[in-house]
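Chemist: Pasting a structure here, questions to come.
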Ligand code: FAD
């Protein structure tokens, strides 16, 4: 039994989500290999080789693997899939783009967004916006799995000494090409990796008012997040959305300001270690999951909170 973990990276840095996926692979058991498919990604392979518990790193390096086009990365995975019992991706935008292609071509059922490994063929995954847990047993010979990264503490980035094998890169599929990337500039920690998240909801009232959260986030070293209502109203950018159809976060501290606590929002943050909520409505459902709740008008409470910190 050997598991192949598909590395998440930007050709320079191995992303922490890979460490969470390796942690899930450890729970499955057997040897663990990491595939780095990229361009000029030798440094990433070197970082992957240091990850604790990894036996081997496969590096496929080619121009057409540079931008993680799903069609090409999927072909690269398929080229080595024969050697593996389990193929594991982080359930990130990129992992969720490649995994279904691999599963379809292998003619197996993808096992999505697992939160626990019960045995090498049995996994747990949340359903109904996190209100129930499905226990899924797969009889497929190969298991193609995506891992909810917030459910597995990442393994150590250092301590391993895996060998690095260079693979022959697959040919460019020609099915898609990279056109461009618009990256929002953000000096704050990445939302899904941040240890503290400060999120605002519709209660913030406007994009201008949303700025009120910045000094608080600055003091806490936090990422900024938002409810879908706040995003839909244009108060906050799309990629700040936390929830069922946004990002799943589980920071040490989640501060929800002017957010009611709809189940679709809770689905994205209820595994946070400590939840603080500020809402003027004492009946708001967010107080049902909050460790600390403050019934107050956010426009006075947030500056006071920031000052007190
Ligand atoms: P509201 O529910 O309007 O709550 C605003 C809160 O602010 C209220 O509790 C109010 O008391 C409080 N407030 C107002 N003024 C103040 C003030 N001055 N001081 C203090 N408190 C104040 N939502 C998500 O967030 N993420 C998702 O991923 C998501 N996915 C969805 C997927 C589907 C299929 C569907 C149907 C819905 C989804 N939603 C999602 C939407 C979700 O159902 C809610 O509509 C949304 O979360 C509400 O956002 P909110 O709490 O900011 O707004």
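Positions of Cβ are set from backbone N, Cα and C atoms, glycine also.
Just so you know, TrEMBL annotations are computer predictions that nobody has curated.
On a predicted model such as this, the values are computed, not experimentally measured, just so you know.
If you look up TrEMBL, you'll see 3-182 marked as domain 'Electron transfer flavoprotein alpha/beta-subunit N-terminal'. Positions annotated as FAD binding site by TrEMBL: 202, 227-228, 241-245, 258-265, 279.
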Chemist: For the binding-site residues listed here (259, 262), which one has the lowest count of neighbouring CB atoms within 10 Å of its own CB?
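Modeler: Counting other Cβ atoms within 10 Å of each of the binding-site residues 259, 262 gives the minimum at 262.
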Chemist: So for residue 202 (FAD binding site), how many other CB atoms are inside 10 Å of its CB?
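Modeler: Step by step: centre on the Cβ of residue 202 (FAD binding site), count other Cβ atoms within 10 Å, giving 17.
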Chemist: Go through 241, 244, our binding-site residues, and report the one whose Cβ sees the most other Cβ atoms within 10 Å.
Modeler: 241
Chemist: Please give the average pLDDT for the domain 'Electron transfer flavoprotein alpha/beta-subunit N-terminal' (3-182) in this predicted model.
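Modeler: A mean pLDDT of 97 is what the predicted model shows over the domain 'Electron transfer flavoprotein alpha/beta-subunit N-terminal' (3-182).
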